[in-house]
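Asks: Take this structure first; my questions come after.
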Amino acid sequence: MVKESIPKEGQTIKIQSYKHDGNIHRVWSETTILKGTEHVVIGGNDHTLVTESDSRTWITREPAIVYFHSEFWFNVICMFREDGVYYYCNLSSPFVCDDEALKYIDYDLDIKVYPNGKYHLLDEDEYEQHMRQMNYSSDIDVILRRNVDILQQWIEQKKGPFAPDFIKVWRERYKKIRNY
(Lines of atoms letter the chains of each structure in order from A; the text may use other names.)
(Lines give C-alpha, C1' and ligand atoms only; values in the text may rest on other atoms or scores of the structure.)
Protein backbone atom coordinates (compact mmCIF):
# COMPACT_ATOMS: atom_id res chain seq x y z
CA MET A 1 0.00 0.00 0.00
CA VAL A 2 1.30 3.45 -0.96
CA LYS A 3 1.28 6.03 1.82
CA GLU A 4 0.02 9.29 0.37
CA SER A 5 1.71 12.53 1.31
CA ILE A 6 1.04 16.15 0.41
CA PRO A 7 4.10 17.96 -0.96
CA LYS A 8 5.06 21.18 0.82
CA GLU A 9 5.68 24.60 -0.73
CA GLY A 10 9.34 24.92 -1.75
CA GLN A 11 9.90 21.15 -1.76
CA THR A 12 11.46 19.61 -4.88
CA ILE A 13 9.76 16.44 -6.12
CA LYS A 14 9.84 14.03 -9.04
CA ILE A 15 6.84 13.57 -11.31
CA GLN A 16 6.27 10.03 -12.59
CA SER A 17 3.91 9.26 -15.44
CA TYR A 18 2.76 5.67 -15.95
CA LYS A 19 0.77 3.86 -18.60
CA HIS A 20 -2.43 1.92 -17.83
CA ASP A 21 -0.47 -1.36 -17.82
CA GLY A 22 1.66 -0.12 -14.90
CA ASN A 23 4.83 0.57 -16.88
CA ILE A 24 6.65 3.83 -16.35
CA HIS A 25 6.08 6.29 -19.20
CA ARG A 26 8.10 9.41 -18.33
CA VAL A 27 9.84 10.98 -15.30
CA TRP A 28 10.53 14.67 -14.66
CA SER A 29 13.48 14.79 -12.25
CA GLU A 30 12.76 18.09 -10.47
CA THR A 31 9.67 20.19 -9.93
CA THR A 32 9.46 22.83 -7.21
CA ILE A 33 6.16 22.80 -5.31
CA LEU A 34 4.38 26.16 -5.30
CA LYS A 35 1.15 24.89 -3.72
CA GLY A 36 0.32 21.50 -2.29
CA THR A 37 -3.04 20.50 -0.89
CA GLU A 38 -5.09 17.33 -0.79
CA HIS A 39 -6.81 18.37 -4.03
CA VAL A 40 -4.39 20.60 -5.96
CA VAL A 41 -0.68 20.54 -6.65
CA ILE A 42 0.95 23.39 -8.55
CA GLY A 43 4.64 23.26 -9.34
CA GLY A 44 7.27 24.93 -11.44
CA ASN A 45 10.27 23.68 -13.34
CA ASP A 46 12.83 24.94 -15.83
CA HIS A 47 15.43 23.03 -17.84
CA THR A 48 14.44 19.84 -16.06
CA LEU A 49 15.81 16.42 -16.97
CA VAL A 50 13.10 14.14 -18.39
CA THR A 51 13.63 10.39 -18.74
CA GLU A 52 11.50 8.42 -21.20
CA SER A 53 10.42 4.78 -20.76
CA ASP A 54 13.19 3.65 -23.14
CA SER A 55 15.80 5.50 -20.98
CA ARG A 56 16.30 8.32 -23.50
CA THR A 57 16.66 11.66 -21.77
CA TRP A 58 16.05 15.27 -22.71
CA ILE A 59 15.87 18.61 -20.94
CA THR A 60 12.83 20.87 -21.00
CA ARG A 61 13.47 24.05 -22.99
CA GLU A 62 11.59 26.65 -21.02
CA PRO A 63 10.12 27.48 -17.62
CA ALA A 64 6.80 25.78 -16.97
CA ILE A 65 4.06 25.73 -14.35
CA VAL A 66 2.34 22.37 -13.84
CA TYR A 67 -1.19 21.92 -12.50
CA PHE A 68 -2.67 18.72 -11.06
CA HIS A 69 -6.11 18.25 -9.52
CA SER A 70 -7.35 15.22 -7.58
CA GLU A 71 -10.89 15.40 -8.98
CA PHE A 72 -10.14 15.78 -12.70
CA TRP A 73 -8.70 13.33 -15.18
CA PHE A 74 -6.18 15.73 -16.69
CA ASN A 75 -3.12 17.77 -15.85
CA VAL A 76 -1.84 20.94 -17.46
CA ILE A 77 1.67 22.15 -18.29
CA CYS A 78 1.90 25.92 -18.93
CA MET A 79 5.08 26.59 -20.94
CA PHE A 80 6.53 30.10 -21.16
CA ARG A 81 8.01 30.74 -24.61
CA GLU A 82 9.16 33.93 -26.32
CA ASP A 83 5.92 34.23 -28.32
CA GLY A 84 3.57 33.54 -25.40
CA VAL A 85 2.20 30.84 -23.12
CA TYR A 86 1.56 27.39 -24.60
CA TYR A 87 -0.37 24.74 -22.71
CA TYR A 88 0.07 21.00 -23.01
CA CYS A 89 -2.80 19.14 -21.37
CA ASN A 90 -2.54 15.42 -20.64
CA LEU A 91 -5.67 13.33 -20.18
CA SER A 92 -4.67 11.27 -17.18
CA SER A 93 -5.80 9.74 -13.94
CA PRO A 94 -6.06 12.07 -10.97
CA PHE A 95 -2.68 12.38 -9.23
CA VAL A 96 -1.41 10.66 -6.11
CA CYS A 97 1.65 11.68 -4.12
CA ASP A 98 3.85 9.52 -1.96
CA ASP A 99 7.34 9.97 -0.53
CA GLU A 100 8.83 9.00 -3.90
CA ALA A 101 6.97 11.26 -6.36
CA LEU A 102 3.75 12.74 -7.68
CA LYS A 103 2.27 9.99 -9.88
CA TYR A 104 -0.44 9.63 -12.49
CA ILE A 105 -1.49 7.39 -15.39
CA ASP A 106 -1.15 8.97 -18.83
CA TYR A 107 -4.12 8.11 -21.07
CA ASP A 108 -2.62 9.20 -24.41
CA LEU A 109 -5.06 11.95 -25.37
CA ASP A 110 -3.60 15.45 -25.21
CA ILE A 111 -4.78 18.95 -25.95
CA LYS A 112 -2.29 21.57 -27.11
CA VAL A 113 -3.33 25.20 -26.59
CA TYR A 114 -1.60 28.03 -28.44
CA PRO A 115 -1.06 31.61 -27.21
CA ASN A 116 -3.95 32.81 -29.41
CA GLY A 117 -6.36 30.46 -27.58
CA LYS A 118 -6.78 27.95 -30.42
CA TYR A 119 -6.42 24.33 -29.39
CA HIS A 120 -6.18 20.86 -30.90
CA LEU A 121 -6.98 17.40 -29.54
CA LEU A 122 -3.96 15.17 -30.22
CA ASP A 123 -3.09 11.47 -30.28
CA GLU A 124 -6.56 10.02 -30.84
CA ASP A 125 -5.03 7.16 -32.87
CA GLU A 126 -2.61 6.33 -30.05
CA TYR A 127 -5.52 6.39 -27.58
CA GLU A 128 -7.59 3.96 -29.69
CA GLN A 129 -4.59 1.64 -30.10
CA HIS A 130 -3.71 1.63 -26.40
CA MET A 131 -7.36 1.26 -25.41
CA ARG A 132 -7.37 -2.07 -27.26
CA GLN A 133 -3.84 -3.16 -26.24
CA MET A 134 -4.17 -2.31 -22.55
CA ASN A 135 -7.89 -3.03 -22.19
CA TYR A 136 -9.11 0.36 -20.99
CA SER A 137 -12.57 -0.23 -19.57
CA SER A 138 -15.63 1.46 -21.06
CA ASP A 139 -15.94 3.34 -17.74
CA ILE A 140 -12.47 4.86 -18.21
CA ASP A 141 -13.32 5.76 -21.80
CA VAL A 142 -16.48 7.58 -20.66
CA ILE A 143 -14.59 9.40 -17.88
CA LEU A 144 -11.82 10.48 -20.25
CA ARG A 145 -14.24 11.70 -22.93
CA ARG A 146 -16.14 13.68 -20.27
CA ASN A 147 -12.87 15.21 -19.07
CA VAL A 148 -11.92 16.20 -22.63
CA ASP A 149 -15.18 18.17 -22.66
CA ILE A 150 -14.46 19.73 -19.24
CA LEU A 151 -10.95 20.66 -20.32
CA GLN A 152 -12.21 22.26 -23.53
CA GLN A 153 -14.73 24.29 -21.49
CA TRP A 154 -11.96 25.45 -19.14
CA ILE A 155 -9.84 26.51 -22.14
CA GLU A 156 -12.71 28.41 -23.79
CA GLN A 157 -13.79 30.03 -20.50
CA LYS A 158 -10.19 30.78 -19.44
CA LYS A 159 -10.81 28.90 -16.19
CA GLY A 160 -8.30 27.36 -13.76
CA PRO A 161 -4.77 27.24 -15.19
CA PHE A 162 -5.99 29.01 -18.37
CA ALA A 163 -6.93 32.18 -16.46
CA PRO A 164 -4.51 35.08 -17.06
CA ASP A 165 -4.22 35.68 -13.30
CA PHE A 166 -3.20 32.04 -12.75
CA ILE A 167 -0.20 32.45 -15.02
CA LYS A 168 0.83 35.76 -13.48
CA VAL A 169 0.51 34.63 -9.85
CA TRP A 170 2.22 31.26 -10.16
CA ARG A 171 5.02 32.40 -12.47
CA GLU A 172 5.88 35.16 -9.99
CA ARG A 173 5.71 32.71 -7.08
CA TYR A 174 8.06 30.34 -8.93
CA LYS A 175 10.52 33.15 -9.66
CA LYS A 176 10.45 34.19 -5.99
CA ILE A 177 11.01 30.67 -4.66
CA ARG A 178 13.79 30.04 -7.20
CA ASN A 179 15.33 33.50 -6.67
CA TYR A 180 15.17 34.42 -10.37
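Backbone N, Cα and C define each Cβ position, glycine as well.
The following feature annotations were taken from Swiss-Prot:
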type     : residues                       : note
ACT_SITE : ARG26                          : active site, proton donor
BINDING  : ASN90, ASP106, ASP110          : Mg(2+) 1 binding site
BINDING  : ASP108, ASP110, ASP123, GLU126 : Mg(2+) 2 binding site
Asks: Quick one: what's DSSP say for ASP123 (Mg(2+) 2 binding site), helix, strand or coil?
Replies: coil
Asks: Please report how many Å separate the Cα atom of ASP123 (Mg(2+) 2 binding site) from that of ASP110 (Mg(2+) 1 binding site), as a whole number.
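Replies: Counting only the Cα atoms, the answer is 6 Å.
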Asks: Rounded to an integer, what is the Cα-Cα distance in Å between ASP106 (Mg(2+) 1 binding site) and GLU126 (Mg(2+) 2 binding site)?
Replies: 12
Asks: Compute the centroid of the Cβ atoms of ASP108, ASP110, ASP123, GLU126, then list the same-chain residues not in that set whose Cβ lies within 8 Å of it, in sequence order, for the Mg(2+) 2 site.
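Replies: Result: LEU91, TYR107, LEU109, LEU122, GLU124, ASP125, TYR127, HIS130.
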Asks: Once ASN90, ASP106, ASP110 are set aside, which residues in the chain still have Cβ within 8 Å of the Cβ centroid of the Mg(2+) 1 site?
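Replies: Checked against the 8 Å cutoff, the neighbours are SER17, PHE74, ASN75, TYR88, CYS89, LEU91, SER92, TYR107, ASP108, LEU109, ASP123.
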Asks: Under 8 Å Cβ-Cβ from ASP110 (Mg(2+) 1 binding site), six or more apart in the same chain: what's there?
Replies: TYR88, CYS89, ASN90, LEU91, LEU121, LEU122, ASP123
Asks: How long is the line from the C-alpha of GLU126 (Mg(2+) 2 binding site) to the C-alpha of ARG26 (active site, proton donor), rounded to the nearest angstrom?
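Replies: Taking the Cα atoms only, GLU126 (Mg(2+) 2 binding site) lies 16 Å from ARG26 (active site, proton donor).
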